[in-house]
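Residues or ranges marked as phosphoserine in Swiss-Prot: Ser101. The active site, phosphoserine intermediate feature in Swiss-Prot is assigned to Ser101; the stated evidence is sequence analysis. Residues or ranges marked as Mg(2+) binding site in Swiss-Prot: Ser101, Asp240, Asp242, Asp244.
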Amino acid sequence: MGKYFGTDGVRGEANVELTPELAFKLGRFGGYVLSQHETERPRVFVARDTRISGEMLEAALIAGLLSVGIEVYKLGVLATPGVSYLVRTEKASAGVMISASHNPALDNGIKFFGSDGFKLADEQELEIEALLDAKKDLLPRPSAEGLGALVDYPEGLRKYERFLVTTGADLDGLKIALDTANGAASVSARNVFLDLNADITVIGENPNGLNINDGIGSTHPEKLQELMTETASDIGLAFDGDSDRLIAVDENGAIVDGDKIMFIIGKYLSEKGLLAKNTIVTTVMSNLGFHKALDSCGIHKKVTAVGDRYVVEEMRQFGYNLGGEQSGHVIIMDYNTTGDGQLTAVQLTKIMKETGKTLSELASEVTIYPQKLVNIRVDNSMKERAMEVPAIAEVIAQMEGEMAGNGRILVRPSGTEPLLRVMAEAPSNEEVDYYVDTIAAVVRAEIGLD
């Protein structure tokens, strides 16, 4: 991660950290870096979610893009994966999404996509950061016909919706509850599932700029669970603010997280011979029960660091077509280049329809182990070297020995804070408490600051 770019673009409190001035510079410098080798006038697609700060940042970002001669196609409110899809299929030079995903309304972010629909490589982000930190802006300043033009492009939303529908099945007879988080999915999810002939009920469909992700959506599925009870729906589908995540709820009101969703889709593809290298890519946070379920089906897995960015890198490098995270980011590379909540929802409901199974039946093969995570404040200089402390290494080895393969321990540094995270999974809550508390006590005694 660089000075400005984190693992998912540039983020911060809108108008405080992520200011219009910074958005203008990101548009100007980012647009230049991504289009400097174009032989024709470059085109960049820009979209946003429903945050109140979105239009402010959109205006500033677009001004920056126009100032270096880029033609900007303004998509308005659209899901992040919709930008990725349109950039790739319409052969644009780049795409930009203004969103802070599942974060609250006061935050916002700016995320770039290259012409291939993938997030930027580290080298491209560093090139943009170098221009941001330069003492003087030496980029060209065209005038008159050299300036970029702005094109309103509402057709982009319709094209993305039609794409989603083409990947699905006729859902006649399936009753679906949707939670669009008062975010980007609020303009599209209803249309997609109506076009698929589903019987739908929708909440979180009335954004006011401030209520995105506010007690609703994939990080707060409680309201969707209540709606499932009220409507006796077959499945509930909850998206986050920019609709790159999906969390589902089964007909009994139980949460079906990213691990279970990946398993359901992966098993379906594997049985059809369509799972590339019969492998799913996941992160170190995926539950041990997910791994055991894959083993029982003969499906292989590759494990990366936390973050859908690293999952996608692994998939691209080795040619896998399914990966994701426990949090609900699911990447189905046969269709799109980034996590896509609505695409995942369409595939999940298609599998229900084709198999005739309920969501609880499809998810029942994954037994989620109890999990506990404790954050311990440590000095930044020590969080990367904790495993070098003999007492810490010894207690972890001791706990792993007691588990005898029927559990998992993960001790890792936070990527953004002076914290060491201690996580364990085991068959019972009592065992999890024992493993985590024992390790945490040693960590606090050796390097803890509290």
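Placed from the backbone N, Cα and C atoms, the Cβ positions cover glycine too.
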CB contacts for Ser101 (phosphoserine) [other CB atoms within 10 A, all chains]: 28
Alpha-carbon spacing, Asp242 (Mg(2+) binding site) to Ser101 (phosphoserine), which is rounded to whole Å: 5
Listed in sequence order, residues with CB under 8 A of Asp244 (Mg(2+) binding site) and six or more positions away: Ala79, Thr80, Pro81, Ser101, Asp308, His329, Thr338, Gly339, Asp340, Gly341
Number of Cβ atoms other than its own within 10 Å, given for Asp240 (Mg(2+) binding site): 34
Any further residue of that chain within 8 Å (Cβ to the Cβ centroid of Ser101, Asp240, Asp242, Asp244) of the recorded Mg(2+) site: Asp49, Ala79, Thr80, Ser99, His102, Gly183, Ala184, Phe239, Gly241, Ser243, Arg245, Gly339, Gly341
Cβ neighbour count within 10 Å of Asp242 (Mg(2+) binding site): 36
